[in-house]
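Trainee: Just lifted these from TrEMBL, have a look:
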DOMAIN    168-232  domain 'PAS'
DOMAIN    303-607  domain 'PDEase'
ACT_SITE  His379  active site, proton donor
BINDING   His383, His419, Asp420, Asp543  Zn(2+) 1 binding site
BINDING   Asp420  Zn(2+) 2 binding site
Amino acid sequence: MNSCTYIRVTKSDNTLTSLSLRLCLAQVLLVFAKEDSQSDAFWWACERAGFRCNIARTPESAVECFLDKHHEIVIIDGRHSRYFEADAVCRMIRVTKPSEHTVILAVMPQTPSDQEEPSVLPLLSAGFSRRYLENSSVSACYNELIQLEHGEVRAQFKLRACNSVFTALEQCQEAVEISSEDHVIQYVNPAFEKMMGYHRGELIGKELTELPKSDKNSADLLDTINTCIKKGKEWQGIYFSRRKSGDSIQQYVRITPVIGQGGKIRHFVSIKRPYTDNHRQVLFFFFFASKLYVQSQLAVPVPLNDIPSSIAELLNEEECWEFNILELEAATHKRPLSYLGLKIFSAFGVCEFLNCTEATMRSWLQVIEANYHASNSYHNSTHAADVLHATAYFLRKDRVKGSLDQLDEVAALLAATVHDVDHPGRTNSFLCNAGSELAILYNDTAVLESHHAALAFQLTVRDSKCNIFKNMERNQFRTLRQAIIDMVLATEMTRHFEHVNKFVNSINKPMSSEGSDCEGQASIRNSPENRLLIKRMLIKCADVANPCRPLELCIEWAGRISEEYFAQVKTFSHNCTHMLAMSFKFLLSFNVNKMLCFQMKYSVSKV
């Protein structure tokens, strides 16, 4: 039997999270002084598994062959010490650099039933990974090899691949700090050392609380950060850190909890860079449990006075109908709702009406936007921001302002902000037909709209830091809450024509009344019933206003909603009848959009 016979090789995919790896089937080195049934069994087991296999007869040839091939598995015969010492062969291989991620197996004789089982500690101390009790069955050897390949070999392969991750971290220009679940620093890269003035030896093993803190941060900022990350959520924002020299540096910081098995937080990864007005989207690498994670996340809003100039310039145009929400989406890294919300709410005095601080409003906007699904091509936070913009645009029209009071305006703006929160990218019909939990909860009636409204208030009152209603008088809050719920529910399309007909009748009725003066018409138009209809039509028009935007925006929105629609249809591709019915409904929705756009123009001119 040739000592270096080549066996066929195939490849299998192995993915380390976002890092795609190609793992060749294992190479095996058999170190047996003499050919016997055990060595033959491992040989044929390798052939059955499709592994490359080499055989070495002496310790010297074993080391030479290993240095040449870099085997993933080495099997050393430890049954016959008269030929060579298995421990010595293992140590000879272990001192070589390629053996760092090699699995070494010791073949040991069976222990007689009347003797005590020997300890494996001497084998482990010598460098062996595990023990195999003598068994010349090809199937037993095959099973052992397959278990090794699927377990320890692949784990070692991932660890070996992670060297490239740490090489990237060492070369990364952003400062990276990795700490344990107890906030003990475990790693900092050279960029962190350079930025903060510390040597990594001064930091590794220290708790974060031991490092000096800057006094330029607000008193409750650390509590806010800890509350967020302890829930397993990412925190990002502006933070002042203190260098070793004692001076403070303003940084843009992102802290990401790394969740391990069982949902427990195992590490925290902090990426820091000096704060500048131009925030760029960057890729962050972090490591946990032999896995590479690549994250591309979104920036958080800063106080209105500190908004980066590039974003502030875009927001200066927000009162125009031609305002390009997609440019704001790009500038804010897909977080337009928080920035646009701050600007519009400030213009309408929403914080003053609710008696809440801007910080509370920022926190609320962050929470709401975080619960929109960025993976949806259409029903995401950019759509919510677009509807909010259209709502504010309508509210600024003189005829509308003459019909609504400030509570109505605030309700309309808040309803527009939350009207599609946690939208799954599926329609009510889809959820009802699929028997989803939401459909069952809301009895197949206005399923999504009921969920949006309910979740919005749940998220708001859950944490006092984002509870924008906590300082309101009880009766006023109940009135505002009812108005928000009514407007969100009005976006449900099954009652569309009912709302439209009532609105048209309410507008035409005073105009057709003979002898009615302007004051009487205004009184009828401003009645509670008509104000309710105006608010419903206002958010309905804003919700489907994108066909009336400039052509390039209209085309982009059409593409997005089509993409989301066909993603839904794909899941029902096995049911042709249902898919055709949904296709017809989709085509019908375009006609509804056209009619609503006509109605929107009619409403603004008549109200």
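In case you wondered, yes, glycine gets a Cβ from its N, Cα and C as well.
Keep in mind the model is a prediction, meaning the values are calculated, not measured.
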Trainee: Residues with Cβ closer than 8 Å to the Cβ of His419 (Zn(2+) 1 binding site), same chain and 6+ apart in sequence?
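Mentor: The list for His419 (Zn(2+) 1 binding site) reads Ala384, Val387, Glu449, His452, Met487, Val488, Thr491, Ile539, Asp543, given in order along the sequence.
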Trainee: Enter the number of other CB atoms within 10 angstroms of the CB of His383 (Zn(2+) 1 binding site).
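Mentor: Other Cβ atoms found within 10 Å: 26.
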Trainee: List the other residues in this chain whose Cβ sits within 8 Å of the Cβ centroid of the Zn(2+) 1 site residues His383, His419, Asp420, Asp543, in sequence order.
Mentor: His379, Ala384, Val387, Ala416, His423, Thr491
Trainee: Near the Cβ of Asp420 (Zn(2+) 1 binding site), how many other Cβ atoms are there if near means within 10 Å?
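Mentor: For Asp420 (Zn(2+) 1 binding site), the count of other Cβ atoms within 10 Å is 24.
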Trainee: In whole Å, note down how far the CA of Asp420 (Zn(2+) 1 binding site) lies from the CA of the residue listed as 'active site, proton donor'.
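Mentor: With the alpha carbons as reference points, the distance is 7 Å.
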Trainee: I'd like the number of other C-beta atoms within 10 A of the C-beta of His379 (active site, proton donor), please.
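Mentor: The Cβ of His379 (active site, proton donor) has 23 Cβ neighbours within 10 Å.
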Trainee: May I have the DSSP-based helix, strand and coil counts for the residues of the domain 'PAS' (168-232)?
Mentor: 28 helix, 13 strand, 24 coil
